[in-house]
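Enquirer: Pasting the feature list from TrEMBL:
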DOMAIN    26-310  domain 'Kinesin motor'
BINDING   Gly102, Pro103, Thr104, Gly105, Ser106, Gly107, Lys108, Thr109  ATP binding site
Amino acid sequence: HMLGKYRGAAELCRKLNVELQNLKGSMRILCRVRPLRQQEDGSCVHLRGLGQLSVLDKGGSKEFHFDTTYGPKSTQEELFDDARALLQTVVDGYNVSVFAYGPTGSGKTYSITGGGGKHRGMVYRMLEDLFRTQKERAVLVSLQVKISMFEIYNEKIKDLLSGGVGEQEELRVSTDKHGSVHVEGLKEHAVESLQKGIGLLELGMSVRATGATNLNEHSSRSHLLVRLAVSGQDKRTGERTSGKMYLVDLAGSENVSLSGAEGKALKEAIGINRSLSALHDVMLSLSSKDHHIPYRNSLLTRVLSDSLGG
């Protein structure tokens, strides 16, 4: 009897979450303003509340509107609290993508992966919450978690968890008859515990290649993608669900004329901007509900095509 009540409450919770996500919209844009650095005199960004902010420019002030804005004193926990309901959506069998977008040095990597303790980023917090959910629902549903981690650099995919040494073969992307996207040869690691999951994330981070421009010595020249795949089976009905979440630390959207890049670095910056432009076009088409979505214009959008559409 108690189990029946619990099952009913869980089903109600699922329905309410679907309604909530529909109300919030399938696409949300949040803006996080990083704290000032020592060498910076003052901020040109002013938060107005209710998702509004203004930016001082040479010609005056420009107004921008977002779903939510976070000030320089916002914490990693605040950011995660607003995104955690997306995990429930994945557990319910939907696909979700979370991006950090902005120029080099704006705090993308801090928001997505972060540091230790209270500074840990979205990826680690989502993983923690996923295992908490797995434990809470163990009576009703068995949940399996798999992790993949790779980067896209110069329109090529590099598996960060392959365990290989030296040059790796280039991985290809294919789409099956159901519209699901597969990165052929990409290792998917079954994760039985939070500790193992954290270990894999740490391994991937250590393998990741980063480059340098004089804008930021640790400027990332590649898109980092962490994929959490969740499959579930209802213990009473046998019904199966499968969802996935991509957490993406995009390469820096550089103003090429300001970055000081030349030669190979300039070519990289142009390639990155082309890739980000393709993502912009896809987002625009999705928000306009266009019949044709230009997923094939970059490797990044091809990989994410079945997640961007939900």
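A Cβ is built for glycine as well, from the same backbone N, Cα and C atoms used for every other residue.
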Enquirer: What number of additional C-beta atoms lies within 10 angstroms of the C-beta atom of Thr109 (ATP binding site)?
Expert: 22
Enquirer: What count of other C-beta atoms do you get within 10 angstroms of the C-beta of Gly107 (ATP binding site), across all chains shown?
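Expert: Excluding its own Cβ, the number within 10 Å is 15.
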Enquirer: Let me spell it out: for each of the binding-site residues (Thr104, Ser106), count the other Cβ atoms within 10 Å of that residue's Cβ, using every protein chain shown. Which one has the most?
Expert: Thr104
Enquirer: For Thr109 (ATP binding site), what is the secondary structure state per DSSP, taken as helix, strand or coil?
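Expert: SS state of Thr109 (ATP binding site) = helix.
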